[in-house]
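Before anything else, here's the structure in question.
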Amino acid sequence: MQMEQKLPMAKIQVEGKSKRGLGRALIQLGLTLYALVTLYPLFWLFTSAFKTNEEFDSRPFYLPKVWHWDNLTRAWDVSAMGTSLINSTIVTVTALAFTLVMGALAAYVLARFQFRFKAFFMGLFLLGMLIPIHSTLVPLFIMLKQVKLLDTYWALILPYTAFELPLAIFVTAAFLTAIPKEIEEAALIDGTGYWGIFFRMMLPLSLPALSTVAILGFLRFWNDFAFALIFISKPALKTVPLSLSVFATGYSTDYKLTMAAMTIAVIPTIIAFLMFQEQIMKGMTAGAVKG
Amino acid sequence: MKKTWLIALLTVMTISMVACGNSGSKDASQENGSTAGTKTEKVKLSIWHNYTGDDLRAQTMRATLEQFQKDNPDIQLDIQGIPPDGYRARLKTVAAANEMPDLFVMWPGIMTKEFDGGGLLQPINELLDSKPEWKEGFLPNSFSDFTIDGNTYAVPMAMSPTSILYYNKKMFSENNVEPPKTWDDMMHLVETFNKAKITPIALGNKAAWLAQSSILSSLGDRVTGTEWFLKAIAGEGAKFTDPEFVQALAYLKQLSDAKAFQDGFNSIDNTQMEQMFAQGKAAMMIDGGWALTNLAANASPEAMADMGATVLPTVPGGKGDPDSLSGVVGTGLGLSKNVDGARRDAAFKLIYTMASPEVQKKTLEGNQLVSYKVELDTSKVSPIFAEVYKLLGTVHTTPVYDGRLSSAVADVMNNGLQELLMGGNPENIAKKIQDAQDKELAASK
Amino acid sequence: MTTSARVKGFIVAGILPALILYLFFVVVPVFWSAYYGFFDWKGIGAAKFIGLANYAEVVKDPIFWKGFKNNMLIVAASVFGQVPIAMILALLLTKSGLFQRLIRASVFMPMVLSSVVVGIIWSYIYHPQIGVLNFLLDSAGLENLKRAWLSEPSISMYAIMIPIIWNYIGPYMIIFIAALQNIPSEINDAAQIDGVGASRKLFTITLPMIWDTIKVVIVLCISGSLKAFDLIYVMTGGGPAHTTEVLASYMYNSTFNVYRFGYGSAISTAIIILSLLLILGSQYLMKRDYR
């Protein structure tokens with residue numbers, strides 16, 4: 001299968017190869033330029049992390065005159081970044097695992113079965129995507145206190161999972177609806193149970209969707225400031241966003257150290273993103289084999 | 001391949017469940033152990049602060065806490081540093097859920113009043129009375145913004161004059177001008193610098209409170225006098241729609257109409273404003289005492305040597321004392337109502353330590369003003385800090401608007417000033433402020 | 001066990017874990033917060049029951065409607081800006097070559113960075129004195145186009161929309177790619193054999209095949225736009241004088257800066273209701289079933 005044929009531009013394919021090559025080159029050039037623009041902030045962040053505050057403000061778009069490597073170590077120490085990275089990893093990975101398994105299961109049921117109240121459940125989960133999270137802080141705080149989960153990892157893991165489930169369910173369900181019914185019916189005739197179908201067919205088939213959910217979930221959990229600020233008070237349990245915000249006093253912001261801390265914190269995110277992106281691609285080939 | 005992925009996922013889930021479960025139960029058993037322990041009954045105290053950054057003040061305060069913990073092995077501190085940006089939100093949330101820490105950094109004025117109104121605080125008069133020498137060491141009126149009905153709830157650990165007129169001596173002499181004494185001088189300076197293609201006054205009003213705290217609080221006082229403001233907030237015989245307050249707004253508008261500030265000041269934060277002034281891109285800046293700490297950390301010594309400081313100029317026919325600037329005492333440690341017995345003693349000890357003469361001196365030497373009588377060793381601070389310190393000895397302090405107004409009215413005023421500076425109408429804005437104030441007064445009755 | 005009982009059992013077991021977590025951590029706090037909306041409460045001290053007064057005030061509050069208008073601008077920008085751009089990028093980048101993977105990763109990068117970094121860098125791009133945009137206008141001889149982009153009321157909202165669109169294209173692109181790869185290759189092959197033209201194929205095969213995903217993306221767009229907060233909060237804080245205020249920032253300010261918990265809760269409930277209406281409306285408009 002040739003991918004270009006999906007493109008409207010590929011219409012010109014009949015008009016000869018040279019024109020097609022030129023069109024493709026132009027598209028590639030455009031895409032490259034666009035990519036450079038989107039990559040620039042990352043580059044800017046990395047360079048800003050090595051400046052002085054004076055330089056940060058007076059020459060925001062230049063390279064640092066002197067590379068201040070000690071910004072990184074200073075930021076690491078003052079913000080207790082080591083502890084935060086461990087905590088964020090534990091919380092993010094656990095919450096992701098819950099989100100993916102629960103979300104995929106619910107999505108499978110909602111996408112492939114007919115039952116009463118189905119529309120109601122879909123509507124209920126839809127509601128979850130509309131909620132401005134800041135309004136739930138006080139009630140959630142009180143509830144977490146009642147069930148004695150405040151100041152544990154669970155105080156973040158459970159709300160994170162709950163708030164990400166709607167998105168997980170929606171994206172995965174939409175994806176699963178597109179899979180032909182026949183696949184499932186054949187398996188049922190073979191005597192495979194629903195759990196078997198879910199684990200052995202649906203889960204692998206929805207890997208691209210789940211990877212998408214995983215990327216979005218990872219970013220949300222890794223970067224959440226509001227829940228982490230309110231539900232965690234033990235310094236030993238603090239997560240990364242709290243460490244990133246210690247350099248602004250309300251009267252001034254220590255930009256160089258903020259940028260240095262962010263540089264450290266963004267690296268795991270990039271790695272996670274690249275990992276999941278590969279999964280999206282693998283899922284594609286896996287999906288194409290069956291049928 | 002797919003299976004491995006799935007198995008990995010499930011394994012992570014189980015492991016984390018076990019791990020999290022364990023950590024939870026371990027903590028519980030530790031807590032049980034310590035409360036049940038008979039030998040060393042440690043006194044536990046929780047304290048929340050916002051000294052999280054890398055500036056000298058924050059370092060001093062954190063070091064003081066650590067030292068206190070070392071010196072007092074019988075007291076176990078649960079210290080929590082909360083990012084300043086989220087500090088108030090966090091405190092408000094836990095207060096709403098009635099889960100206050102034992103000690104916490106608290107602002108004077110309206111915040112103290114609100115927390116006291118919610119019955120969350122206990123007074124520390126006893127501590128102050130037990131250390132008369134220490135009590136006497138504070139500057140006059142240092143406790144007034146922490147005191148309600150004779151009960152004092154905290155002592156200030158710093159001081160924040162909010163409206164100092166900083167100017168660049170070099171630029172002034174190059175243009176043959178003097179710091180402004182009168183409003184006419186000021187308007188004349190604006191004209192002179194604009195002609196010389198120099199921004200007269202740097203302003204960073206993105207956070208919206210700056211024009212209010214640093215400019216209007218003092219400018220308004222010049223026009224209306226302090227008494228008028230106190231009447232207006234009490235709702236007794238003065239209103240923000242009165243001609244004198246509208247006149248104060250008109251002065252501010254006059255500055256912006258004369259292009260006294262650089263373009264886009266409403267989208268620039270005060271760190272950038274301070275940098276702009278420090279880099280010689282503007283001749284003046286109206287900012288608070290906090291600028292001194294920031295400048296000491298980020299501006300070059302040469303730049304700081306060129307800086308001078310004075311108060312805002314007088315206005316024609318003004319009712320206020322021209323030798324004054326607006327200011328508040330700094331934050332103090334609030335004490336929760338739930339602390340009693342040995343824990344209360346420990347808390348008193350910590351409150352004293354954090355505001356003791358030694359710590360106040362260290363704070364002062366970190367280029368942060370304090371509300372305590374300390375002899376300043378000028379060799380330890382920046383020249384501009386020494387100059388401001390001297391200036392403060394010669395003037396008296398008037399209220400800062402948002403320190404006295406309720407948060408809701410202050411918010412309306414802040415947004416109103418942004419509008420005013422963009423060309424809004426003083427009468428309309430004064431009316432909006434008064435409407436909010438009326439609502440507030442009606443609600444409190 | 002009968003088949004139908006097995007099916008029922010599976011449906012319940014599949015949905016229940018997600019549902020319980022979701023009800024407890026999302027639905028309950030939302031209704032709790034709506035309940036706070038009936039009180040005059042500063043967050044401290046006694047709350048006074050005032051019936052519908054807060055909600056009535058929301059309906060009459062000009063700043064609330066100003067925020068709503070700004071939110072609608074963002075909704076329009078993301079539905080008609082983000083979605084098409086994300087779709088075009090997805091179509092161009094479905095293939096898994098090294099080039100495509102690199103570009104894909106780049107397009108996603110702004111998402112990986114925290115909104116604080118993105119907000120700061122755009123603030124510097126728009127900076128009235130040292131900003132890149134004004135510098136470029138200057139060098140192009142277009143001095144009279146120079147602006148204080150973020151503080152002029154007539155343009156600041158539009159200036160803010162550009163980074164918002166740019167920042168959140170990545171996730172939609174990824175969701176589209178995942179959906180495109182789910183289209184069975186037989187269908188593409190069949191289309192090729194039948195000699196269907198590329199653009200016709202796009203509109204008659206590709207788009208209908210992923211129509212459910214498009215619907216989900218539009219729901220995500222609307223809900224995301226109505227919750228827009230982070231970037232605006234960093235770049236302007238809703239100012240100057242509420243000109244860039246959006247519903248979520250107004251809710252946050254009312255709750256945590258002005259300390260009107262009851263009123264903040266009422267705003268947040270109003271946000272949820274308005275979002276639901278909008279989404280139901282959009283679903284109704286997109287009801288057209290392709291299959």
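Placed from the backbone N, Cα and C atoms, the Cβ positions cover glycine too.
Keep in mind that TrEMBL annotations are predicted by a computer and have not been checked by a curator.
Found this in TrEMBL, in case it helps:
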type: TRANSMEM; residues: A:21-46; note: transmembrane segment
type: TRANSMEM; residues: A:85-108; note: transmembrane segment
type: DOMAIN; residues: A:85-276; note: domain 'ABC transmembrane type-1'
type: TRANSMEM; residues: A:120-142; note: transmembrane segment
type: TRANSMEM; residues: A:154-176; note: transmembrane segment
type: TRANSMEM; residues: A:197-219; note: transmembrane segment
type: TRANSMEM; residues: A:257-276; note: transmembrane segment
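Describe each of these features in terms of where it is and what it packs against.
Within its own chain, the transmembrane segment (A:85-108) is flanked in space by residues 125, 153, 156-157, 160-161, 164-165, 168-170, 172-173, 176, 198, 202-203, 206, 210, 213-214, 217-218, 221-222, 236-240, 264-265, 268, which lie at least six positions past its ends and keep a Cβ under 8 Å from the stretch.
Here the transmembrane segment (A:154-176) has long-range neighbours at 91, 94-95, 98-100, 102-104, 106-108, 110-112, 125-129, 131, 133, 140, 144, 202, 205-206, 208-210, 212-213, 216-217, 220-221, 224, 227-228, 231-232, 239, meaning same-chain residues at least 6 beyond its ends whose C-beta is under 8 angstroms from one of its own.
Residues 42, 45-46, 48-51, 56, 71-72, 74-76, 78-79, 81, 85, 88-89, 211-212, 214-215, 218-219, 222, 240, 243-245, 247-248 of the same chain, all 6+ positions outside the transmembrane segment (A:257-276), place their C-beta atoms under 8 angstroms from a C-beta of that stretch.
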Take the transmembrane segment (A:120-142) and find every residue of the same chain, 6 or more past its ends, with a Cβ under 8 Å from one of its Cβ atoms.
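Contacts of the transmembrane segment (A:120-142) (Cβ under 8 Å, skipping residues fewer than 6 from its ends): 106, 110, 150, 159, 162-163, 165-167, 169-170, 226-227, 230-231.
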